[in-house]
Every structure is written in structure tokens, then in C-alpha cells.
Amino acid sequence: MKSVCGVLIILVVLTTMLSISTFSTVGAEGDCPISEAIKCVEKCKEKVEVCEPGVCKCSG
């Protein structure tokens, strides 16, 4: 059971790091809450164009 919790924690950390690195390379303007950022990454994969509170636009 401990290994399952460890895997879940690792997945959350990796997802958060991925979303942060994705938005720093995209150059997102404005404040994008981490919860919104994760939703945008899930929706657009790596093609996020705009991430603002309540606004998520995919490029392409």
C-alpha cells in the first residue's frame, strides 16, 4: 500500500513540474493558478497558448 501512495505522489510532482516548465517555455502571461495550469496541460497537452484564470487556449 505504501508503494501505491509513493507512485501517486511522484506522479503529482512530475505533472506539476511538467506544467510549470511548459508554461515557462510558452511564456504564459498573467497569473495562472496551478490548478488551472494542470487543467490546461491535460486539455492541450503541450500546445498551451494562453493560460489565465478561467481562460485556457490551445495553440494549433
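Each residue, glycine too, has its Cβ placed from N, Cα and C.
When Swiss-Prot is consulted, the disulfide partner of Cys40, picked from Cys56, Cys58, turns out to be Cys56. Here the candidates are Cys44, Cys51, and Swiss-Prot names Cys51 as the disulfide partner of Cys32. Swiss-Prot records a disulfide bond between Cys58 and Cys44, which is the match among Cys5, Cys44. Each residue contributes its Cα atom, and for Cys32 (disulfide bond) and Cys56 (disulfide bond) these two points are 10 Å apart.
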